[in-house]
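Here the structure is laid out as structure tokens; the discussion comes afterwards.
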Amino acid sequence: MNNNHVTVLEIDAKAVLHNLAYFKQKLQPTTKILVVVKAFGYGSESTEIAKIVQDHVDYFAVAYSNEGIALREAGITTPILVLNPQIQNLKDIVKYRLEPNLYSFKIFDAFLKLADEEPLMNYPIHLKFNTGLNRVGFWHTDVPTIVAELKKSNNVKVESMFSHLAASEDLNEQEFTTGQINNFAYIVKQVYEHLGYQPMIHILNTSGIINYPQAQFDMVRLGIGLYGFGNDEQETTQLKNTHTLKSIISQINIVQPGETVGYNRAFVASQPTRSATIPIGHADGISRKLGNKNGFVFINNQPAPIIGNVCMDMIMVDVTKIDCNEGDEVIIFNHQQHVEYMAHKCETISYEILTALSQRIKRLVKH
Ligand SMILES: *Cc1c(COP(=O)(O)O)cnc(C)c1O
């Protein structure tokens with residue numbers, strides 16, 4: 001897509017590398033690191049993120065096979081784990097040398113069948129075990145059948161076994177989380193005893209790295225932390241902001257008392273008001289919940305509240321007290337605290353604010 005849109009998401013490569021280094025110093029020297037670049041790199045640009053960090057990481061993970069294909073087509077050669085493959089995509093997974101997470105017998109059997117037909121030799125696969133999230137994953141009772149199947153074939157090789165924590169950021173759930181970790185260790189032991197070799201094992205996401213350093217095992221999976229969020233105020237202050245969302249003022253209007261701004265006439269001027277129109281709207285990921293002064297942007301370093309309803313492609317902000325002109329730069333956000341504020345106002349989490357940023361917004365990497 002030829003994208004010369006004036007609304008731009010800047011990705012700060014140095015900040016990304018800082019955040020990676022911050023988490024690396026929490027790891028044992030031998031612990032490997034997988035970087036999660038699903039959902040366009042948490043709303044940024046997955047191939048750019050991958051290029052920035054590829055020399056410093058061991059693995060990438062994506063959610064779906066087409067996200068992995070995009071990385072391969074951009075020349076990324078690092079191993080790529082596909083967390084949520086579907087049976088329909090298994091041929092593509094092999095074609096692009098992506099590594100499937102096989103999480104149920106349905107997809108496990110389908111992949112073993114494909115591996116036999118091709119035939120593949122020692123093709124890297126990953127097994128996910130459910131230890132309490134109850135989303136996708138084998139159950140501990142499945143271990144004997146899995147091992148028996150694997151022993152029949154040398155078409156595939158288990159590169160890793162993993163699980164995912166349900167509440168790693170919540171210290172009130174420490175007992176539950178420790179239980180998940182212990183269950184996982186028990187499952188791993190069963191597999192190790194019967195498989196004849198020892199795949200890598202991993203369970204920690206960003207908050208897991210922070211709160212459960214004793215469970216690093218062979219590898220950790222870093223997602224939101226790379227993008228500057230530690231799910232904890234203290235941790236986040238150690239991280240650098242990676243996403244800066246910018247636009248410009250399209251037009252400035254003066255509205256008189258009694259006049260209104262935007263759809264449904266939601267903002268009514270009680271005094272002469274200068275309103276600036278900015279080309280970003282709910283189709284770009286700016287929630288309608290941020291309208292009516294719930295959200296604000298920065299113009300010339302001063303906060304300008306969003307007035308009236310957020311439109312599909314535009315917002316209007318109050319610049320009565322701000323010295324500014326049409327064409328001036330607008331900062332939608334350039335700090336994690338601002339994103340957290342938006343998340344709070346939208347009753348959501350930073351993950352959703354970032355991943356909601358639509359593909360219409362131009363992406364630019366600052367090195
Ligand atoms: C998304 C995801 C991660 C990354 O989680 P963060 O909280 O962003 O670090 C890790 N593992 C799995 C299985 C995931 O789906």
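Cβ coordinates are placed from backbone N, Cα and C, and glycine is handled just like the others.
Predicted automatically and left uncurated, TrEMBL annotations should be read as such.
All chains included, 19 other C-beta atoms sit within 10 angstroms of the C-beta of K38 (N6-(pyridoxal phosphate)lysine). The feature N6-(pyridoxal phosphate)lysine is assigned by TrEMBL to K38.
Annotation comment: TrEMBL describes K38 (among others) as active site, proton acceptor. Annotation note: K38 (N6-(pyridoxal phosphate)lysine) sits in a helical segment as assigned by DSSP.
In sequence order, H164 are the residues of the chain that are 6 or more apart from R135 (substrate binding site) and have a CB within less than 8 Å of its CB. What TrEMBL lists as substrate binding site is R135, M312.
Sorting the domain 'Alanine racemase C-terminal' (242-366) by DSSP state (H, G, I as helix; E, B as strand; all else coil) yields 25 helix, 45 strand, 55 coil. The feature domain 'Alanine racemase C-terminal' is assigned by TrEMBL to 242-366.
Residues annotated as active site, proton acceptor in TrEMBL: Y263 (among others).
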Quiz item: Cα of K38 (N6-(pyridoxal phosphate)lysine) to Cα of M312 (substrate binding site): how many Å, rounded?
Solution: 25
Quiz item: How big is the gap, in Å, between the Cα of M312 (substrate binding site) and that of Y263 (active site, proton acceptor), rounded to a whole number?
Solution: 11
Quiz item: When DSSP states are folded down to helix, strand and coil, where does R135 (substrate binding site) land?
Solution: coil
Quiz item: Can you name the residues of this chain that are 6 or more positions from Y263 (active site, proton acceptor) yet have a C-beta less than 8 Å from its C-beta?
Solution: G308, N309, C311
Quiz item: If you draw a 10 Å sphere on the Cβ of M312 (substrate binding site), how many other Cβ atoms land inside?
Solution: 11
